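Feature annotations, courtesy of TrEMBL:
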- 368-438: domain 'J' (DOMAIN)
- 15-48: repeat 'TPR' (REPEAT)
- 83-116: repeat 'TPR' (REPEAT)
- 197-230: repeat 'TPR' (REPEAT)
- 243-276: repeat 'TPR' (REPEAT)
- 281-314: repeat 'TPR' (REPEAT)
- 315-348: repeat 'TPR' (REPEAT)
Amino acid sequence: AWFLFCCVPQMHMEAESFKEQGNAYYIKKDYSEAFSYYTKAIDMCPKNASYYGNRAATLMMLSRHREALEDSQQAVRLDDTFMKGHLREGKCHLSLGNAMAASRCFHRVLELEPDNSQAQQEVKNADSVLEYEKMAELGFEKHDFRMVVFCMDRALESASACHRFKVLKAECLAMLGRYPEAQSVASDILRMDATNGDALYVRGLCLYYEDCIDKAVQFFVQALRMAPDHEKARLACRNAKALKAKKEDGNKAFKDGNYDAAYELYSEALTIDPNNIKTNAKLFCNRGTVGSKLKKIDQAIEDCTKAVKLDETYIKAYLRRAQCYMDKEEYDEAVRDYEKVYQTEKTKEHKHLLKNAQLELKKSKRKDYYKVLGVDKNATEDEIKKAYRKRALMHHPDRHSSASAEVQKEEEKKFKEVGEAFTVLSDPKKKSRYDSGHDMEDDTGNMGDFDANNIFKAFFGGGGGQGYSFEANQSSGPGNFFFQFG
């Protein structure tokens, strides 16, 4: 071969000796020592293609693919018929993700040796990588990030050293909310190339989506320093700063009691980046809190529901929604939310909230005597008496004696309920038991057996045979009655 004459015989013999030692270390998988001896051989005879080919194979085993590519390219420059040189160049290109260049190299091998089965298989591998690239590009355009991750995983089986594929996979993992995996991939790249702007951008993106906005901005700025034209990093940096500022303005307005302004600011913040799941979950919850302050309870519940859909582990949103359900007296829903919270965080406070909701739910299943009398749960004794007087007179059967049978039956039922409610709420002991959740109908003195007329007589002083009647007051119009003792 022509390269035998590239250096004087003595130097050639010495170079061959270094190559043989390199081969021995290569067989032992001591690639660092093999690299050292192949380098000595090259230093002796720098025009020998096989030495570069051998060192390229060693560098590939050391995962130093770019250096291996340079050596294999030098090998085929020295000898264009060097089949192993073309094969190794193609493998380096493929490992680095340049499938088209790899394919050209493998086809050159097939020109030299048409039946080379290794080159035939590598052509198929290169074609597969190209196909996965196209599928990934389409998937990214359609926001089908799972498809992109799948394609990149397949492509990386052949292109294991391709940072471009790894970064795309990491970015899509971040978009899918798989932040630890995305961070891991990006960190691996940065360990090999600390100036990789794409990897810095992905690190920032993960932090941004985990609501660590200040740290995220630092990575975006660093990415732009390494790659000033990095548009994704520029946009993400701008969004991160805008989101932080708008959220802080909303928090300040809320703290100052300016709820209408806070509501608007949180709403504006929610339009900045729909992809930022974690921050948007907090914004929805914050807006829900403002909504409850503005008495927009249904809107508050809707916002909290949106928050937990974005982040189903967001305890604060469940607590806020549960309180809104309590305010609406929708105790079944409140209990469900408090149970979810207590299952996640078994604290004394959460246990107390759950017990309270369960008590209110139990109480809601009974007759609401406060509603029957039309008074607040904190009504005084005098307010309860006044309410009874008004309702008892309103529903007394005598007042409706000329009404239809159906109306008479309904008013009689209401009259009885009013008496029942007064019996309980006017007695401090019974009221206490009722307020604590006790079902008064479970008492041995069954509430259904009492006589509402007796309560009425006792209240209005009609006991002892005194008569009472309802008479129409002709001067005050139809439907107006006055109570008259006989």
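Positions of Cβ are set from backbone N, Cα and C atoms, glycine also.
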Sort out the residues at least 6 away from either end of the repeat 'TPR' (281-314), same chain, that have Cβ-Cβ distances under 8 Å to it, and list them.
211, 247, 250-251, 254, 259-260, 262-263, 266-267, 269-270, 320-321, 323-325, 327-328, 344
Counting only residues 6 or more past its boundaries, what in the same chain has a CB within less than 8 Å of a CB in the repeat 'TPR' (243-276)?
175, 208-209, 211, 213-214, 282-284, 286-287, 289-291, 293-294
Tally of residues which DSSP labels helix, strand or coil - the repeat 'TPR' (281-314):
27 helix, 0 strand, 7 coil
